[in-house]
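Written out below as structure tokens is the structure these notes cover.
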């Protein structure tokens, strides 16, 4: 029977509930338990797919094609369990399903209310998402006291009662600030946060106290006294120089032992040797490279969370310190490609819309002409094709129909038909809704033997995740290939271009898929490892 650990946050947001939850999950997994994780988002959007990256950050795409919260990326990077569409849902999704049933008449004329109809749907989704896991960690977005979170917290209260105390526990993250002028940490915000929780019928079993430093024993004892939590369950979680230290920090304080004892689970001790290796490689690199990342959402780096982590993972695998130089593509437009001087490689990630695209195209040209290692992802591949068409073929009006519907040479256009992650045929037009209408999820791709991308993966068939609605125009491919553009990866059915490479270049690879979604700190990802190795080779030749 599944045990549930519900995770809430108090005092302020951005305490790191996702990292703390994933770290505990990693320890429990290291003890041989089957673990899964869920994220409940209180906002009213159906999913984050159409939300601004500046507001929400990255949209993480699961293997089965769900557009989800970026915390699911943390979950997959910390545990081996693959997330699905059942591991993340929002208030909007819950209300959408309940209202659809009401319209069908499923409720037989009953008055639809938050309690019991909305809370019942939340509980149903939690149980479904947990599946047959030994332990399911369920993170609630936002902070206690937010009006949006109330239905979720009420559903948790009910579910704890229904499954019993031996199958459910509540872990609450809270802020314990250090006041420099007083020279001490303050526990009062934590006390008030727990008081708020208890007022809605929830007593925390574990308190994870976030601070910029370790919390002393006397403060932990005081927190335990005033919050009715066992002293051993008051955990100090200070800032760390890498998030991959967190499993070790929690384990050292016995959090996993407390959870296992509380649930009455029989399992082995935790083997965190893999995480020790990751931390050692991260903190003790032997080499160093500087890579320019040219994007259009640089004001909020969370928009590229998985990509930044994937570059870190590639560094871990080769014991290389990867210094990312974040450059806004609009700055390239305004100040020129001189901003790229001195880097060992260039990375252009995905994005949507016209803003900053010309800066990305100029970046591609700089990388191609100066023989600097280049990796383009999604839009980064599309601008690579546009640049090649303009500067090699001489099609000055070459563009994507996303940016110029009247282009004389639309080398990138809207995909109108494709197979989804389940093999079903999807059809889209310009009139389709924006939400949920892209080519999403895991798709098979065939690689060309002898190509740079094949050298990275070492096999002809791969599976990678996608999130796009525009693709290279097959009608203009013959001219592009005749001019030297290499098509080194195609979709499983051969219909869509997946990878392109530039001729006469030491390492120029651009892919339509998003390899960052499957990179992990323990295993890395072959494409990013190949990219970092190319940067190291380029740097060595410069020396």
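Just so it is clear, glycine is given a Cβ too, placed from its N, Cα and C backbone atoms.
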Original post:
For the ATP site that Swiss-Prot gives with 14, 15, 16, 17, 18, 19, which of 71, 97, 106 also belongs there?
Top reply: 71
**OP:** Check Swiss-Prot for me: it has 351, 379, 380, 381, 382, 469 binding L-glutamine, so pick out which one of 333, 402, 455 it puts in that same site.
**Re:** 402
Original post:
Which has the fewest other Cβ atoms within 10 Å: 187, 190, 191, the binding-site residues listed?
Top reply: 191
Original post:
Which has the fewest other Cβ atoms within 10 Å: 71, 402, 516, the recorded positions listed?
Top reply: 402
Original post:
Given the recorded positions 381, 469, 516, which lie within 10 A of residue 186 (UTP binding site) by CA-CA distance?
Top reply: none
Original post:
Of the recorded positions 16, 19, 351, 378, 380, which sits closest to residue 222 (UTP binding site) by Cα distance?
Top reply: 16
Subject >> residue 188 (UTP binding site) to residue 351 (L-glutamine binding site) - Cα separation in whole Å >> reply: 43
Original post:
Per DSSP, to which secondary structure element type does residue 71 (ATP binding site) belong, with helix, strand and coil as the options?
Top reply: helix
